[in-house]
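Listed in TrEMBL:
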type: COMPBIAS; residues: 1-21; note: compositional bias 'Polar residues'
type: REGION; residues: 1-22; note: region 'Disordered'
type: DOMAIN; residues: 86-543; note: domain 'Amino acid permease/ SLC12A'
type: TRANSMEM; residues: 89-109; note: transmembrane segment
type: TRANSMEM; residues: 121-149; note: transmembrane segment
type: TRANSMEM; residues: 169-189; note: transmembrane segment
type: TRANSMEM; residues: 195-213; note: transmembrane segment
type: TRANSMEM; residues: 225-247; note: transmembrane segment
type: TRANSMEM; residues: 267-288; note: transmembrane segment
type: TRANSMEM; residues: 309-330; note: transmembrane segment
type: TRANSMEM; residues: 408-426; note: transmembrane segment
type: TRANSMEM; residues: 438-461; note: transmembrane segment
type: TRANSMEM; residues: 481-505; note: transmembrane segment
type: TRANSMEM; residues: 517-537; note: transmembrane segment
Amino acid sequence: MTHTSLNLPTHNHETTSTNGISGEIITASFPKQKTNLFRRMIDSFKRATPSKIVPIEMNESKDGEKLNDNTEEDGTGLHRTLKNRHLQMIAIGGAIGTGLFVGSGSALATGGPGALVLDFIIIGFMLFNVCMALGELCVVFPVSGSFVVHGSRFLDPAWGFAMGWNYALHRLVVIPLELTVAGIVICYWTTSINIAVWITIFLFVLLIINLFGVRGFGEIEFYMAIIKVVAVLGFIILGIVLVFGGGPNHQYIGGKYWHNPGSFANGFKGVCSVFVTAAFAFGGTELVGLVAAETDNPRKTIPRATKQVFWRITLFYIVSLTLIGCLVPYTSSRLLSGSSSYDASASPFVIAIENAGIKVLPSIFNVVILCAVLSVGNSSVYGASRTLCALAENGQAPKLFTYIDRKGRPLSAVALSIIIGLLAYINCAKIGTQLFQWLLALSGLSNFFTWGSICACHIMFRLAWKAQGHTLDELVFVAPFGIVGSCFGLLLNILCLIAQFYIAVSPIHGSATAKSFFEAYLAVPVLIISYVVWKVWKKTPFMWPNTIDLETGRRILDAQHLIDEERAERRTWSIWKKLYFECC
């Protein structure tokens, strides 16, 4: 008897038969037939397998299997495909956008170079503590929604609802705003094409990027961040050369603009007014926590990413803005000559280069600003969609937003984000600017609410951790300044809100009106009303250290084993590698 194998590509199963004449056993293997590309694309939009979708707080699948750092999904259907390189560049370049490149111009004119640098140092130190606290929480609880879920768990579900929706609203409003800004940037080169054309093009680009899921978001942000980082580093080098007289006109500038017209404009009010601009510039820092649930190994990547904050604050903001103060006087009429506060022609970076008589670089830097604008728009779609999805999973938003397809895309939430982007066309009308001012006012202080909430969550987590018999030795990553740093971060957030209230009731120019007050401070009553309504309706409890749930959603890690393992690995590193990873 002989054995013959046949491989026939036309069927999708395997059979075994016997030839009755010769007794020969014939085994035919039929490989599974592949579906065509169009069918696979259609199927990818179907809801993810129900058995893989569990509440975001759960750290077990429905079969009771523990999730580990290398699982492909986070338990909600979101895919954990972001790599270390993605998270590192999102951390170091994610918050470099229009707030730094353009918004710093109006801040310089309002507060002067001294107020600009001082406020960015204060906000930067606050953000350092916020990010360290967020990193510690996300390593222990790398859940979808991050700080939105933490607010409900460690503080009060009503606060999680109010803060989460305020953050989502802020991200949604930023999308059409950034689309409009992108069109304004294009006007630097040509005004012959209506801005609505550019809005359409850029909105379509954002849609395509987000159809590629979290991996598409990660790749775009990775390369955008590289462009922004290289641009800022290049400007720092150029700025140093120009300050010391190495430009085309060979004029030594030094710190003369810090003496004449001076370091501070409008005194204490000028300092207070710059806080909001600084907060807007640092907006997006919290994305490091939001992507934790879609990172392939949060235990390693989150701590490294949070350490990047120090370098971003020190190098990209403090150094570059100090140079801006040396190169552009705060009395320059061009700082406020833009058609809006987001007009690239009012960018102090572009003004500094043009004042030096360099012809080509302004156009190149405007390309960088355009990339930064699109990056902020892209991250806003991501942030809004994941926040809405997390709120829906927590029962704090319509269940429609829990729809996650087989590629890990929260389609309903992404669709809403793109639809909100259509509001950018309103800016083509005269009423558009005024409407956007009120939309932004609804969530204009969102960053302070979010960052303060993260610090408060970390404080409550530490208190609960101790009250329930745990020690810091059980944590793989610990915030450097601990609970003291979070208390300081929370206090600074409160002081920034007080400073903004002071400017709202006593503006720098003119007298206070109801309209100007609510444009600056409308977000506070909206947040309070949201909190009270949800609190009364749902009768949510306050969280106390003894009652906080520290088990659900927690990654159970053998901290001491992991620390010993990491130390053994570090002993094999060169001194340069050790230095890099200690700092980064």
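Here the Cβ of each residue, glycine as well, is placed from N, Cα and C on the backbone.
Keep in mind that TrEMBL annotations are predicted by a computer and have not been checked by a curator.
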| query | Against which stretches of its own chain does the transmembrane segment (121-149) lie, if we need a Cβ under 8 Å and a gap of at least six residues from its ends? | reply | 56-57, 74-76, 78, 160, 163-164, 167, 275, 278-279, 282, 285-286, 288-290, 292-295, 298-299, 302-303, 305-306, 309-310, 313-314, 317-318, 386-387, 389-391, 393-394, 450-451, 453-455, 457-458, 461, 475-481, 485-486, 488-489, 492-493, 496, 553-555
| query | Most CB pairs under 8 Å with the transmembrane segment (438-461): which of 195-213, 267-288, 309-330, 481-505? | reply | 481-505
| message | At a threshold of under 8 Å on Cβ distances, which of 195-213, 225-247, 267-288, 481-505 pairs most often with the transmembrane segment (89-109)? | response | 267-288
| said: With contact taken as 3 or more Cβ pairs under 8 angstroms (pairs 6 or more apart in sequence), are the transmembrane segment (408-426) and the transmembrane segment (267-288) in contact? | reply: no
